[in-house]
Amino acid sequence: MSRFALVGDVGGTNARLALCCLDTGSLEAVQSYPGQQFDSLESVIRTYLQAQAVSVTSACIAIACPITGDRVAMTNHSWAFSISAMQRSLGLAHLSVINDFTAVSMAVPVLPAESLLQLGGQTVQPDRPIAIYGAGTGLGVAHLIRAGERWISLPGEGGHVDFATGSDEEDALLAALRTDLGRVSAERVLSGPGLVNLYRAVARVAGRTPQPLTPQEVSERALADHCPDCRRALSLFCVMMGRFGGNLALNMGTFGGVYIAGGIVPRFLAFFRDSGFRQAFEDKGRFKAYLAPIPVFLIVHDNPGLLGAGAYLRQHLGARL
């Protein structure tokens, strides 16, 4: 009989939970819960487990914040907890809590080919470093390397590096952003809230008053071509995603590929493919030829975080991915 474990992918907005088959890595009973409706992550987990007919003794939860010890406090949510205390309370023999992009990175080796859409470059070079990043509520970043028969994720907080401009227009936008935000990190432009920040900066630099729009409204008006400032903001978002991805590729020579996750880009996929993304990715002066063969993939799997949390746990328990 197959053994199951609990896996989770917890972001600033929703908590997704599923059962992972430890034999095959497949996911079952995927459920999503609005985080604001629960006072703790443990209460979400209990609600989910009570609805399942399977008992679990192991779990891996991916969460959108730095994991530096036993105490976890989310970056974009009020939830905070002790890993060891929650493990005892839930009666689990094993509980791993990992960064959300550690999970996404661990999904890469097990993603089916149909879950990847290539955006330029050539073929993946086996056993070379991999970069993963993605815009959602925030900007997540991780790298992945192969060490013998194991995959090792190298998480970090790369979304909070300084935002780097690449044109006079972007210099002007950075000045406008700095007026509102002080220090401007990459996440301040490459995220859902970041798209709104970009729109507001574009409007202000043009001498117009920005409207109070949501990220979805900015992208919808851009795609409908009903708002020049929204459309310019979305175009710049794509370019900046390319430039940021190129920086990641340079950092570690990621000839194993660069993978884009997150819930934002798939909403305007055709626009993204036709944008200046790939040109900006390769626009590194003397190192353009170095970056040109590196493939970029958009992850179109519905739940890469859950898949990766399962892969992380299975490898930890001795499986070979």
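Think of each number as a place in line: the chain as shown, counted from 1.
Just so you know, glycine gets a Cβ as well, placed from its N, Cα and C.
According to Swiss-Prot, the protein carries these features:
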type: BINDING; residues: G8, D9, V10, G11, G12, T13; note: ATP binding site
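Features recorded in Swiss-Prot, as mapped to the structure shown.
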residue	record	contacts (Cβ under 8 Å, 6+ apart)
G8	ATP binding site	A15, R16, L17, A18, L41, I45, A59, C60, I61, A62, I63, L306, A309
D9	ATP binding site	A15, R16, A62, D100, A103, N303, G305, L306, A309
V10	ATP binding site	R16, G35, L41, I61, A62, I63, A64, M74, W79, D100
G11	ATP binding site	G35, A64, N76, D100, G136, T137
G12	ATP binding site	G35, A64, M74, T75, N76, H77, G136, T137, G138
T13	ATP binding site	P34, G35, T137
